[in-house]
Amino acid sequence: MAAAEGSLVPEGRASLAAFLLGASVAALPLLPRSGLQGRAALALHVAGINALLRLLYRPPLYQIAIRACFLGFACGCGLLLSFGQSSWRHFGWYMCSLSLFHYSEYLMTAINNPRSLSLDSFLLNHSFEYTLAALSSWIEFTVEKIIYPETKQITWLSTVGLLMVIFGDCLRKAAMLTAGSNFNHIVQNEKSDTHTLVTSGVYGWFRHPSYVGWFYWSIGTQVLLCNPVCVVGYTLASWRFFRERIEEEEFTLIHFFGAEYLEYKKRVPSGLPFIKGVKVEL
């Protein structure tokens with residue numbers, strides 16, 4: 001996985017090419033059409049892309065490429081829904097937001113910390129609870145759209161949710177870029193020789209800006225979908241998850257950096273409401 005400084009590793013380049021190939025479905029104005037002809041053309045397009053990926057890449061690059069291509073395809077379909085006349089337009093915004101979030105997690109890791117890069121960097125298999133939450137939001141949106149379709153056409157509310165999503169994702173990616181190789185999706189139990197305490201940039205605003213971004217991104221997706229049940233559920237579940245995650249991470253950071261981190265902790269808030277982090281008795 002070695003690469004010249006400042007260049008994108010082969011895994012990153014393969015993922016980017018595959019994502020763009022998948023997103024090319026947006027160039028086909030086929031999804032809004034009904035009928036066998038449009039569906040057949042779409043199926044042929046997808047099959048052609050998969051065949052091309054198999055020709056271009058061998059394992060393990062193929063496994064990376066097929067995941068990136070799937071996310072690109074979801075993003076492309078979301079774009080078609082977003083700019084079409086369908087009543088699913090806001091769900092198209094959601095599809096773009098979700099796919100871009102997961103793909104950019106992989107791409108940012110490939111840029112910043114390629115040594116920790118793996119298929120898990122897509123965060124597609126984050127946890128059972130994460131998958132269950134996503135499925136719940138899709139079910140709520142669909143059921144409420146069937147029973148009360150007008151509740152899914154509140155454009156101003158969906159726009160607020162989209163702005164929350166954009167803010168949250170941009171903040172998280174800014175945190176990843178600022179932390180550089182210090183950022184890892186997994187809480188580290190051992191301090192590497194290059195691990196330093198980052199307190200500049202967005203880390204000067206919040207101690208855990210990547211978690212703050214993810215928190216508001218996740219809630220924003222449900223505001224975007226106008227899902228009242230999942231807005232409450234996501235807020236409570238995300239808050240509990242990040243409270244526990246921050247306490248676990250701060251135990252490690254205090255062990256790594258000692259008084260330096262304790263001083264930083266006094267100066268800078270966690271960034272999440274009512275979460276102060278681990279309590280240390282001196």
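Here the Cβ of each residue, glycine as well, is placed from N, Cα and C on the backbone.
Packing against the transmembrane segment (12-31) from elsewhere in the chain are residues 38-39, 41-42, 45-46, 49, 52-53, 56-57, 61, 64-77, 79-81, 84, 103, 106-107, 110-111, 114, 117: each is 6 or more residues past its ends and has a CB under 8 Å from a CB in it. The feature transmembrane segment is assigned by TrEMBL to 12-31 (among others).
Here TrEMBL flags 37-57 (among others) as transmembrane segment.
The transmembrane segment annotation in TrEMBL covers 64-85 (among others). With a cut-off of 8 Å between Cβ atoms, the residues of this chain six or more beyond the transmembrane segment (64-85) that come close are 11, 14-27, 29, 31-32, 46, 49-50, 53, 56-57, 91-100, 102-103, 106, 119, 122, 124.
The transmembrane segment annotation in TrEMBL covers 214-237 (among others).
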Given the transmembrane segment (214-237), its same-chain partners at Cβ distance under 8 Å and 6+ residues beyond its ends are 90-91, 93-94, 97-98, 101, 129, 133, 136-137, 140-141, 144, 151-152, 154, 157-158, 160-165, 167-169, 171-172, 272
